[in-house]
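Feature list (source: TrEMBL):
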type	residues	note
DOMAIN	1-426	domain 'Major facilitator superfamily (MFS) profile'
TRANSMEM	31-50	transmembrane segment
TRANSMEM	62-81	transmembrane segment
TRANSMEM	87-108	transmembrane segment
TRANSMEM	120-138	transmembrane segment
TRANSMEM	150-171	transmembrane segment
TRANSMEM	234-259	transmembrane segment
TRANSMEM	271-293	transmembrane segment
TRANSMEM	300-321	transmembrane segment
TRANSMEM	333-360	transmembrane segment
TRANSMEM	401-422	transmembrane segment
């Protein structure tokens, strides 16, 4: 928004007037990237704090704290008078993001029926994408309000934050979390509530009790425990998933979309319109993923998504490298081809890594390291988000179209990793997840199948 840039980043407005000279470098502004990246840096801090205390206070309380922090951050940003106040608001938003991102996928995994767990957890990235789309539609409308439109845009983030606070106060904590805190009667009541009256929960509750008892018998700090050899697969997943998520290249594609929209005729509000359309593609991809993962398994989504994203990245590198040159001009026909590749890439990302990043880490960890595993994965992701937000524009200015090829090469690596080393978890109860790793061709040398949670069919 021009009014926002004029108030906080007037130098960038002057630079954008010469954007046709080199679109690769036009947004390479460290103050602007600090505004963006501060959210991720404090999101990482929030995640680490939440993962340390979630076992003592429960998933519900962590989500309530996260919503409250987000509400406060939205209000501070709406009232911002200078860049420092803006960044403080972003820090509060980041802390809220960290608390929420640590607890919400685990909450969904622990309360969902095993048969439909993938669909339940995929609701988390789905509604992130819905929020992304809604935010950009709001931006598109408020950009027409001179002077104070940006305040309305930032302040309206308080609405979903308030909904989150209200919602978190009305739901029960998860049965697993309540059992770990010794509240067995409350845990049984919570499980009965989410499964429905009259449903026999005896076998499932017995599995939860057994998993919690196993965790107590091996009482030790979750972060220290996950470093032990028998938890090596879970540590690898906690590191690999956020690293690969950030190496898909979704950042370079999202950044380039406004330039491409402007090239094909969207002269005004190009960035906002591009974000809206990409948001729609994200939602479509996640909806398809939520439908398919519990029917056809997780691996198929990795393979299809990886192949399509690789093809799109190579296509964009080839066309942009030969047609855009230094970024001054692209023929409309080539720009349309790159736009199509951008849309397909966005949907393919949401279909695969965008959805499965939250699904698989949220379901694979044993209860005794669940908070540490999920916390480490989310914290590392936010830390990498911070690095990418802070330095990506400088990298793009240096690498130019080679950035697409850089990410394309990593897509080959991460797809091979998913096929060979990520076990299929479709329909497996959380308490039986250790069996899947114990029987894996590689991870079986680390995880031993001790049949400690009873029959898998439960």
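Just so you know, glycine gets a Cβ as well, placed from its N, Cα and C.
With respect to Cβ pairs under 8 Å, the transmembrane segment (87-108) is most closely packed against 31-50, considering the stretches 31-50, 150-171, 271-293, 300-321.
Within the same chain, residues 118-119, 122-123, 125-126, 129-130, 132-133, 136-137, 139-140, 143, 254, 257-258, 260-261, 300-301, 342-343, 346-352, 354-356, 359, 426 sit at least 6 positions outside the transmembrane segment (271-293) and bring their C-beta atoms closer than 8 Å to a C-beta of that stretch. Sequence-distant contacts of the transmembrane segment (333-360) (same chain, at least 6 residues past either end, Cβ-Cβ under 8 Å): 105, 117-118, 121-122, 124-126, 129, 237, 241-242, 244-245, 248-250, 253-254, 256-257, 260-261, 263-264, 277-278, 281-286, 288-290, 292-293, 298, 301-302, 304-306, 308-309, 312-313, 315-316, 319-320, 323, 381, 414, 422, 425. Among residues of the same chain six or more beyond the transmembrane segment (401-422), those with a C-beta under 8 A of the stretch's C-beta atoms are 236-237, 240, 244, 247-249, 252, 298-299, 302-303, 306-307, 309-310, 313-314, 316-317, 320-321, 324, 353, 360, 395, 442-443.
Per-residue confidence over the domain 'Major facilitator superfamily (MFS) profile' (1-426) averages out at a pLDDT of 83.
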